[in-house]
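Participant: Dumping the structure here so I can ask a few things about it.
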């Protein structure tokens, strides 16, 4: 832990503030909790009347975000219990499947702890995304075991007869002894272990592209990918190794199967639909193609952004004064602004920071005021319904003070934006060129053009002029005449205005440097500075005004560079539109309205740059990932035709994901891209289970059409169970409103929408396409 101390101001006057910075690798919440334990001890040591009050605490946001995910996990668990109970109608079978959730999560959390990963919004969010998938393998395993144990002994012995038609368990099924039960469990487990294992491996491969991310997106989504992969690996181990062993114990007395009357209409309805589809193959394929093309048509209308903004519960307002403003002006303005902000009932505190020390890592001039505004929970707001509306009303009142520029953001968002582009805004439009005057003039033209773009808010060019500077220009001929040089002039100015070291004072164990300089009346005007005297080698005295020009001139506060090039930044935030469209309009406006001289160029950075970087990497890595999946499927099924058949599920899943984003009004973003990646794995899993079932029936000697029909029908319930549990596991994330829900919602929206389309279409399209894609496989299996 390290600390920084600055001067700040609030309505009660000046205060001394400290910023606690955790060391790399340490846990934020643990660090803050440790500090809170020390605060009472610090308070006891302070003089009477001096209080120690934390005003910004990231632990609150962390706790709220973790609570949001934990609540979603709990609700999802309840939904999954209901679905499994409805489909299985057996308490022991339901419990056996549910066991995979806590066991898998516990194993994943233990491994995460051993790896030094913390339980945060993204790592727990990964488990929340995977919770529905954790039962997929166990559902397939238990359903198959349940089916084998439910059959009469005579039916079980005749495999051909067993698979001729799919029917509900016989209520009069013969009782089996312990040895017979173990044999049936073993046979059932062996039947589905291979597709369950390969399906899980495919899901693991699907998440590999997330490890190609760099920068902020890597920090966000790599923990999610790791937690999902650990949970899936744990779930596969439970499904293949633990569930069969426990099934032998749980069902040691056999089972009393019951006909599921609630799902009987579903079975009958699917049989009729499948029969129609198999008779009308061209129409079905045409319909699927039309739906896919229609979904692709919606893509340009979705809009793009890097990621939804996390609601932090605190507003960060950057106020920019005129460059020539002094500390007294800033100290006068800050309390007035705080008073306005505190007039809103949603505000809990308002505290200002005026400038930042140049010795720190984040220097700011005193013309910049940063105001932290704490907010009550959104459920208690009365002035506005959301943060953007509240900010607009705050800015309307703050505009009563003319000559000030306001930029609204949030503390963490501000730091992330600054990390991305060096500018504390979502977009940084950088103009590069050699001359400051040209940069200033063209920068103002760009600022004017960007302000006219719909969705671009808080547009402002950084100040590169207007700073009052004392300029001392030596008169070289006069210096030569008196035998002086430039160093003599610099020494007089430096010592007189800046101060010269005059030793140290020692108090106890502390040493304090002593600096002396001219009194204020001898250094506060150009005239008094011109009167400073220099001693010539001849022993005569001359004034500074005789050997140098001294004047106050307007100059740049700072000269900033990127890649060794001078630049000026026009900053902007995005509100009410997607970032991709706003950036496209900004580029168009600059091209049409700003004529840049030779040697000058414009580059747009910030969140848009990270978004572009993530999209470029995904456009390369995702196809590679799909190729690896195809290779795994080839090894699993022995023919590339069936591998391609299962991959047909991917575009079928994309249909629902795109439509869900469009209907919900959300944008294509990095979280939604992660949702599509997750969706590909789940969609492929259903295809693996279905194709394996059809293949098994062809191996048993059934005609192709009969095998397709019976194989698809027999896997209706496990396919529906895995899809519904995966979807319902994400429903709480769709409707969550707590901290962190904004990041998870696009991901959940894509997966739920995609699961709906993938499941419904897979159960129809895959059987229709099976004979065309599996000609070689059918020959091999029929031998």
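Positions of Cβ are set from backbone N, Cα and C atoms, glycine also.
Those TrEMBL annotations? Automatic predictions, nothing curated.
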Participant: Ranges 582-603, 670-691: which does TrEMBL label transmembrane segment?
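Facilitator: That would be 670-691, per the transmembrane segment entry in TrEMBL.
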Participant: Which sequence positions outside the transmembrane segment (747-773), separated from its termini by at least 6 residues, show Cβ-Cβ distances below 8 Å to it?
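Facilitator: Same-chain contacts beyond the ends: 125, 129, 270, 273-274, 277-278, 281, 284-285, 288, 291, 641-642, 644-646, 648-649, 652-661, 664, 666, 671-672, 674-676, 678-679, 682-683, 686-687, 690-691, 694, 704-705, 708-709, 711-712, 716, 719-720, 723, 726-727, 730-731, 733-734.
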Participant: So, taking each listed stretch (96-115, 121-142, 192-213, 283-303, 618-637) in turn and counting its Cβ pairs to the transmembrane segment (644-664) that are under 8 angstroms, which one gives the highest count?
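Facilitator: Ranked by Cβ pairs under 8 Å, first place goes to 283-303.
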Participant: Short question: most Cβ pairs under 8 Å with the transmembrane segment (225-251), which of 121-142, 283-303, 719-741?
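Facilitator: Result: 121-142.
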Participant: Any residues 6+ beyond the ends of the transmembrane segment (618-637) with a Cβ under 8 Å from its own?
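Facilitator: Hits for the transmembrane segment (618-637): 194-195, 198, 201-202, 205-206, 208-209, 212, 643-644, 646-647, 650, 673, 677, 680, 684, 688, 691, 695, 777.
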Participant: Is the number of Cβ-Cβ pairs under 8 Å between the transmembrane segment (670-691) and the transmembrane segment (192-213) three or more, considering only pairs separated by 6 or more positions?
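Facilitator: Counting Cβ pairs under 8 Å (6 or more apart in sequence), the transmembrane segment (670-691) reaches the transmembrane segment (192-213), since there are 3 or more.
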Participant: In the same chain, who gets a Cβ under 8 Å from the transmembrane segment (69-89) while lying at least 6 residues past its ends?
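Facilitator: That would be 97-98, 101, 121, 124-125, 127-128, 131-132, 135, 139, 142-143, 146, 258, 260, 262-263, 717, 720-721, 724-725, 728-733, 736, 738, 740, 744.
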Participant: Would you kindly list the residues that approach the transmembrane segment (121-142) from elsewhere in its chain, counting only those six or more residues past its ends and only Cβ-Cβ distances under 8 Å?
Facilitator: 62, 65-66, 68-70, 72-73, 76-77, 80, 84, 88, 93, 96-101, 104-105, 108-109, 112, 188-189, 192-193, 195-196, 199-200, 203, 220-221, 223-228, 231-232, 234-236, 238-240, 243-244, 247, 678, 681-682, 685, 689, 718, 721-722, 725-730, 732-733, 740, 743-744, 747-748, 751
Participant: Short question: which residues 6 or more past the ends of the transmembrane segment (719-741) have a Cβ under 8 Å from it?
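Facilitator: Non-local partners: 61, 64-69, 71-73, 75-76, 79-80, 83-84, 87, 121, 125, 128-129, 131-133, 135-136, 139-140, 143, 266, 310-313, 378, 682, 685-686, 689-690, 747-749, 751-752, 755-756, 758-759, 762-763.
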